[in-house]
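Engineer: Quick one: the structure is below, questions incoming.
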Amino acid sequence: MSRKRGDTAWFFWATLVLWSASIAYEVTVNRRMELSPVVAGFSFFQSANWTFRTVLSRDPLFVNTAVSLLHSSVISLSVLLILANQWMFNGLSKMLEHKQLFGGTWLGAYAALCFSCGYFAYDQMDMLRYRLYSGWFPSILAHHLVLLICFTLALYRHVTINYLILTLVCELHSIFLHIRKLRRMAGVRDAKNSIVKVEWMLNWATFLATRLVCHILITYKLIIDASKFGKGIELPLALFGMAGMNLLNVSLGLDLFKAYKKEKIQ
């Protein structure tokens with residue numbers, strides 16, 4: 001089993017190195033400076049990792065979770081501001097037009113997507129470095145790899161940027177996932193605690209709104225607008241990505257329910 005795990009780690013290390021080389025080539029050789037927030041995002045979250053490790057704890061899992069909470073907070077706030085700005089100035093109907101979602105780029109959307117892409121690269125490296133995963137083919141590493149591929153292709157081709165921004169609304173729910181993880185690491189596990197009750201309410205509310213409902217609606221929008229896509233890989237890749245995300249959401253929902261029941265009887 002340890003040999004298989006090592007082989008898997010090398011696969012993900014190799015894909016991360018290839019991704020890094022591709023970004024470096026685009027920025028330095030092709031002078032695509034609009035991609036520089038990817039590097040900034042990676043550097044920012046790696047610096048946050050070093051800071052938390054120095055100031056708070058040297059436990060790799062605690063530090064990784066704290067940085068993930070920082071990412072979810074920054075990106076969810078950014079996405080909400082981007083969406084609020086578009087809603088105010090353009091209205092909901094224009095925001096959801098196919099040409100806007102597919103070929104348009106809302107103010108701040110490209111930079112936010114780049115910054116988040118940098119985080120996923122950092123997080124992939126951190127989990128590989130400290131082996132913060134389990135199984136011979138870890139779903140979390142596969143999830144990050146798929147996101148890096150989808151995000152990077154979209155950034156290179158300047159398409160589906162706004163669609164991907166909509167998928168990042170789920171980072172609002174991730175905030176409460178990371179808070180719960182940190183809270184349990186701190187030893188706060190009493191289900192009768194009023195703070196824990198409020199946390200669970202927000203956890204379920206944001207899961208239903210920003211993951212389950214939001215991602216189903218995005219998938220529905222892709223399907224009804226399928227004829228408006230060209231003959232490229234964008235539609236198959238988008239449908240494949242959303243199918244994967246919806247399956248992960250179902251799995252996450254089941255895991256949350258089991259965790260909720262377990263915490264209630266403790």
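Heads up, the Cβ atoms here are built off N, Cα and C, so glycines get one too.
Curation plays no part in TrEMBL annotations; they are all automatic predictions.
Below are the features listed in TrEMBL for this protein:
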type     : residues : note
DOMAIN   : 57-266   : domain 'TLC'
TRANSMEM : 61-84    : transmembrane segment
TRANSMEM : 104-122  : transmembrane segment
TRANSMEM : 134-155  : transmembrane segment
TRANSMEM : 161-179  : transmembrane segment
TRANSMEM : 200-223  : transmembrane segment
TRANSMEM : 235-257  : transmembrane segment
Engineer: Between the transmembrane segment (61-84) and the stretches 134-155, 161-179, 200-223, 235-257, work out which stretch tops the count of Cβ pairs under 8 Å.
Structural biologist: 161-179
Engineer: Using a Cβ distance cut-off of under 8 Å, indicate which of 104-122, 134-155, 161-179, 200-223 has the most pairs with the transmembrane segment (235-257).
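Structural biologist: So the stretch in question is 200-223.
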Engineer: Which residues, given as numbers and ranges, are at least 6 beyond the ends of the transmembrane segment (200-223) yet have a Cβ under 8 Å from it?
Structural biologist: 96, 101, 163, 166-167, 169-173, 175-177, 180, 235, 238-239, 242-243, 245-246, 249, 252-253, 256, 260, 263
